[in-house]
Every structure is written in C-alpha cells, then in structure tokens.
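Trainee: Before anything else, here's the structure in question.
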Amino acid sequence: MKSENRISENGEEGEKEISYKKKEKQLGGIKTMPFIFASEICDRFAMVGFYANMITYLTQELNLPIVKASNILINFSGTGSLSLLVGALIADSFAGRFWTIIVGSIVYEVGLMTLTTSAVLPQFRPPPCPTQENCKEASAAQLTVLYICLLLKSLGSGSVRGCVVAFAADQFDMKKSITKKGGWNFFNIYYFCMGISMLLAITVLVYIQDHIGWGWGLGIPTIVMALSIITFLVGSPVYLKVKPGGSPLTRLAQVIVAALRKRRAIAPEDPGLLYQNNDLDAAIATNGRLLHTNQFKWFDRAAILTDDDTSYSRPPNLWRLATVHRVEELKSIIRMLPIWISAMLFTATYANSDSFTILQARTMDRHLSPSFQIPPASLSVFSILTFILGIPFYEHIFVPFSRHLTGNPAGVTCLQRMGVGYILNLLGTIVSAVVEAKRKAVAADHGLLDKPTITIPLILYWRNRRCVLGGIGGHLEFIYDQSPESMKSTVLAVYWTVASVGSYIGSFMVSMVHRYTGKERNWLPDRNLNRGRLDDFYWLMAALEGFIFIYYVLCARLYVYNPLEEVKEASKDGDVELAIGNIPSNAKNDANGLAPGNDAL
C-alpha cells in the first residue's frame, strides 16, 4: 500500500511538473523581443545620451577642471558597475531579474529627473565662463546635488545592466545543442539594436545639448527612460521569468566550507563516486548539470561522501556536503577570474579616454560643410556605424568562412573575439598618441598654444579612441556561456564589478600623472590641453595595453571551457519528458539519496 501511495504521489508530482513545463514553454521566445528590445533601446538611448556629452556639461556648465571632471565621471561609472553586483545578487537570490530591472529603472529615472531639474534652474550652476579663464567653479552645494543625481543614476543603471542581458537570453533556449544549429547569435542581435540606439543618442541628442540647451538635452533622456519602463511592463504577461535559485554566493561559500571541513579527506580516483543529486540541483540546473573537471581538484573534497554524511537525513547539510554541480559552479568562477583581470586592466587604460577625446575634438575643425560641424561628443558615430555594419558582415560572411577553417560552429571562440578587440583598442591608443602630437604641432605653428577656445586649423577625421567593433559581444557571450545558469546575473555583475575596479585604477593613474608630471608641462593640465602632453599619456597607456594583451593571451590559452550535461527534451505524443544525456557510466550516486544503494536515507 505504501508503495502504491508513493507511486500515486510521484505520478501527481510528475503531472504537475509536466504541466508547469508546458506552461513555461508557452512563455518567452521571439514574441518577447519587441518589448525587451524596445525597452532596452530606450534605456540605452537615455544612458548614452546622458554620458556621451557629460564631460562638456561638467567643464563648461559647472566650470570644473578637466581632470576633476573626468575623474568624477569615471568614479561614478565605477560605482554603477559595483551596484551591478548588489542588483544581481538580489535578482538571483530572491527577487528575480524582472522585478530587479523594474526597481532599478525607477531609481535611474529619479536620478535623471533630478539632474534635469538642476540643469534647468540657474541656482544649481555657477556663473557662465565662455573664455574658460579664471572661472568660478560649482560650489559645494551645487556639487552635492550633482553627486546625488549621479549616485541615483549609477545605482539604478547598475541594477538594470546586471540583469537585462541575462533576462533577454532567458527568453530563449540557450542550450549549446540548440544555438549551434541556429543561424543567428542572440548577443550580436542585441548589440545591433543597442548600436542603433547609441547612434541616435550621440547624433540627435548631443546636437540638442550643444545647440539648444541642457534642459532639453537631459529632459529627452528622462522622457525616453520613462517610456522604457512602460514598454517593459507592457510585455510582462509573455515573459519567461526564471525563478531565483537562492543566493549564489551562499552556495559558493558552502562549497568552500565543506571542502575545508574535509581538507584531510582523500578524493576517490573515480569522479563518478563523488556526490550527485539531481533533485537537489533541479532548481539551479534546468538546462543541465555541470560535469566534473580535473582542474582545482582540491574543491572536490566538498563532494566526498563520508560516514558522517550518510548519518544525516535528507536533505543533506550543504555546509558539509556539496554536489558535483555546485563544486563545478565554484570552479567556473575561478576559471574566469584571470580573464576578468585582463578586462579590468584594459578598462584602467582607456577609462578616461572618451572624456579626453571630446575635449580634444572641441579644439579642432569639425566642419562637414561651411554651415555644419559635428558636435565633439558625436564623433563616436563613425565607430558605431562601423559596429552596426560590421555585425551583418561578421554574422553572414566572416562566421561561415571561418567555420570552414576552424570547424567551430561559431567561427571563432568568444576568447578569440575578445583578443581581437584588445588588439584594436591597442591600435586605437597608438593612433590617439600620433593624432595628439600632430594637433599640438599645428597649434604651435599657428600660435594657438595659449588660446584653448580658438579652433585649431586641423581637419578632424575619425578620432574615436575606443574601437567598439572589437570583440562584438565577445565579453558578454563568454560570460553568459561559461557562467552557471542560476548565477548568470551575479556573474555578469561580478564581471562589471571587476571592470569597475579598472575604472577606479584608471582614475587613480590619471590623478597620479596629473600630480607628478610638473606644473609647467603637465601631461594632463586643468584647462588648456594645448600646453599638455596628452600624447605621452597615450604612449604610456599603449605600453601598458601591450603587456596586458600578452597576459590575456596566456590566460586564454590555458582556459578550459565548462563541460555541460544537457537536459534534452524528447517529445512523445505531445508530452514532455526529460532525459539526461552523457551520464558517465560509473555515476553510481542515486539521484535522490546520499549514498549509492541506500534507499533508507
């Protein structure tokens, strides 16, 4: 009778599980993309429109020195990246990505509204200083308002950025066996849409800021961000909202503690004897469990079954015993750390370059016709156009061609794409140094070194330092692909957090260069770039990027991709069945128990 009851209960649970999965399959998919992409396009438009020309607002509206203004932007950008981790932990632990995006967007909107108000009301700004000489800087109270606005913006945008890519990818079946068959790359589509949005922001919006005023220049992003929130909410009924699997940091801590407790235990030679529990990992491994790897085998101790473990009732004490999947989650994070460090160091070298580029461009001839000149902050339009046009070329020409050469369905790996991006950034830094030396030489020839507000007769061609085409989506695709599925928001946030450390390092380097390169020929002067030595600063950054690239290549060559035991769906008469593929033949642990063959536990 007990056996029959158990079968009946299991049958009811199985029917509920099948019913849930059928309902789940009706959500998500391509129908969610108009809402998500429309919302993200509005959000990116507001974000880029906010930051693209902010160095101009700080130096010309608030009369701040160049280095101080640049460091303010970099430091708050780093704060935004740090807030990604908080938002992602909240999303992955209990709130879910959907509600984290909503709350973060509202905080972001409040920050934009506050800054727009401060840009309209004159009491929040110092007196105008068109000559940029003997200017009165913004007062402490005015800077306090600015800092509050930037903080709200950073916290809100960080929470959104840490979840939105993973949330959009959640709407599709991102198993490798599925994506390899498809003729598209989700991340390339995502970046293509974002490129269109960025293009609009740095052309239309920057022109409005430079020629109409900052009230409208910041008011439009505020209105567009409100539309982003509304659009995202409208799509709520069709979203696939992945349930949070509990705090990922807690799981990582449990593995470390369990391994420390068993530091004297000897792992079995047969990895199949390590503890596995399908039911325990079901909520955090819906697409498949991570398979055992031979790297960092010290942590395998956390999955060793001992007599003490089998004496406990189910569920097991996770601070004493971890499954192989949970151990491999920790190993995945450790494997990615060296790659993240290279990204952090590269971020440090170009953190301030966008601000310097805009200030350089403002001194040069930007006319496309006698009556029209490109706004300095719009110069990255050429990079973005290259980026947008490069994605179809990459997807439909380069990938099929390289696929025949490499045998890789994606053409090249994410790590290879990232490496190309690093090379292009290095070349961009070298070009920056050469152009800056030429700019100062022309200024000297025309006697303009002490006249920073007069245009230097040097035609400005493509001058954007950052090569956004490099590694199209490579970083995010790599992180999403290699991070455990229940930790994707958190891992993406950790990546941006590591990158934010690079921003702080970059800000520190700029401050040190400004402090120790003298007063007469300071590399990064407060007001007049014509008397600076920005080209020397770029050469220093190029040398650092060369060493960082060598380090990255070594890390990429040693990297081991995560093996995944995928959950495959086999359809019979419309029913959904789950079948685990590639189970090692020596995997003897019972899916529901603690020890092989121990049904009583």
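Yeah, the Cβs are placed from backbone N, Cα and C, and that goes for glycine too.
Quick paste from TrEMBL:
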type: TRANSMEM; residues: 32-52; note: transmembrane segment
type: TRANSMEM; residues: 72-91; note: transmembrane segment
type: TRANSMEM; residues: 98-124; note: transmembrane segment
type: TRANSMEM; residues: 144-168; note: transmembrane segment
type: TRANSMEM; residues: 189-208; note: transmembrane segment
type: TRANSMEM; residues: 214-234; note: transmembrane segment
type: TRANSMEM; residues: 372-394; note: transmembrane segment
type: TRANSMEM; residues: 492-517; note: transmembrane segment
type: TRANSMEM; residues: 537-560; note: transmembrane segment
Trainee: List, by number or range, the same-chain residues at least 6 past the transmembrane segment (537-560) whose CB is under 8 A from its CB atoms?
Mentor: 293, 295, 335, 338-339, 341-342, 345-346, 348-350, 353, 415-416, 418-419, 422-423, 425-426, 429-430, 432-433, 436, 513, 523-524
Trainee: Within the same chain, where does the transmembrane segment (32-52) have neighbours whose Cβ lies under 8 angstroms from its own Cβ atoms, ignoring anything closer than 6 residues to its ends? I mean 6 or more beyond.
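Mentor: Cβ under 8 Å, 6 or more out: 73, 77, 105, 108, 112, 115, 153, 157, 160, 164, 167-168, 171, 190, 193-194, 196-198, 200-202, 205-206, 217-218, 220-222, 224-225, 227-229, 231-232, 234-235, 238-240, 377-378, 380.
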Trainee: Given a Cβ distance threshold of under 8 angstroms, which distant residues of the chain, six or more beyond its ends, lie next to the transmembrane segment (214-234)?
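Mentor: For the transmembrane segment (214-234), the far contacts come to 35-36, 38-40, 42-43, 45-47, 49-50, 53, 57, 61, 101-102, 105-106, 108-109, 112-113, 115-116, 119-120, 201, 205-206, 208.
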Trainee: Do any residues of this chain, six or more beyond the ends of the transmembrane segment (72-91), have a C-beta under 8 angstroms from a C-beta of it, and if so which?
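Mentor: Tertiary neighbours of the transmembrane segment (72-91) are 51, 54-55, 58, 64, 97, 99-100, 104, 146-147, 150-151, 153-155, 157-163, 244, 247-249, 351-352, 355, 489-494, 496-497, 499-501, 503-504, 506-507, 510.
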Trainee: Counting only residues 6 or more past its boundaries, what in the same chain has a CB within less than 8 Å of a CB in the transmembrane segment (492-517)?
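Mentor: Cβ under 8 Å, 6 or more out: 67, 70-71, 74-75, 77-82, 84-89, 158, 161-163, 165-166, 333, 336, 340-341, 343-352, 475-476, 479-480, 483, 523-524, 533, 537, 540.
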